[in-house]
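Asker: Pasting a structure here, questions to come.
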């Protein structure tokens, strides 16, 4: 459609110029469009009728603005600003052959400006290399940004999954909490159930009493060592029954303390009497003195090794013959005046300490059975004490007779 050759014939004119010339030169439409008085321009007198009647007939559209843009493309200009008058130096009445000099202008777009500038100002080699490096750098930055964007999208998806999971767990916890609250409310509604919800203080809520482990009778049952009795007092209770129980516990504790003092005093007096009697016996005998035992060892060892019948002691039993061979024969004691000379002679000659002390010395060699050693010693001391008591009873009865 464009004509760039100046030597073309009139038959090769653009259709827009040919149709425009015919439309303006038609005398039947002079009331709408016509030539000016100078015959070098044309005037559109009635644009609405021009758009409604003439444009559809010649150009197959009714847009007056589009017609004006096409005139500007072919070099037409507005001759009078107060009316629609357009002119071109080669568009003259009666001279259609001049229109061959009218050429359509190429539209200038924004993206074509760099190409024009490049044609006008060619780049040097250094500038071209610099531009290429910049293009490569920008391309790499674009790729890095795209990768980072992809990672951000993946992290966002992971976060969304975690948030969804946390919401589900929260809903589950709320459901469990509601279930527990409903269960507790149902339990509290039951008759005969009372719960003390007052805060408890650990220091005053429970008190431990450690009872002594001293036992003075070998026939009592064995108890665990260091056994403690815990007396729990409820701070929040204010009923009379709780005060009564506390009072009874205090009375029991005071009575236990009294009995403990009484037993300890009796134990000390018995040990003192036994030590005095042992000294009298040891002065007249040639056997080595056995180490004294405390009251605690006596009670504990007597329970660890209790004989089948601790209350029955055979004072007339004869010592083992094999052990008597190893012992040194003691000289006979001097005769004692009185009716019970035979008794004293038998008592001092049949002292069981010689055999029992040897057993104790043999058992001390075993380091793995220390409890057994204490049991044998305590058993001998308990037998010795019981024997002395019974012999004293025989002595008093014989003297009376």
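Each residue, glycine too, has its Cβ placed from N, Cα and C.
OK, Swiss-Prot features for this one:
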- 13-107: DNA-binding region (DNA_BIND)
- 356-373: compositional bias 'Basic and acidic residues' (COMPBIAS)
- 122-188: region 'Hydrophobic repeat HR-A/B' (REGION)
- 351-373: region 'Disordered' (REGION)
- 207-213: motif 'Nuclear localization signal' (MOTIF)
- 256-265: motif 'AHA1' (MOTIF)
- 341-350: motif 'AHA2' (MOTIF)
- 388-395: motif 'Nuclear export signal' (MOTIF)
Asker: Using DSSP, what's the helix, strand and coil tally for the region 'Hydrophobic repeat HR-A/B' (122-188)?
Answerer: 64 helix, 0 strand, 3 coil
Asker: Take every residue in the region 'Hydrophobic repeat HR-A/B' (122-188), average their pLDDT values, and give the whole-number result.
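Answerer: Averaged over the region 'Hydrophobic repeat HR-A/B' (122-188), the predicted model reaches a pLDDT of 93.
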Asker: Do you know the DSSP helix, strand and coil residue counts for the DNA-binding region (13-107)?
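Answerer: Helix, strand and coil residues of the DNA-binding region (13-107) number 42 helix, 17 strand, 36 coil.
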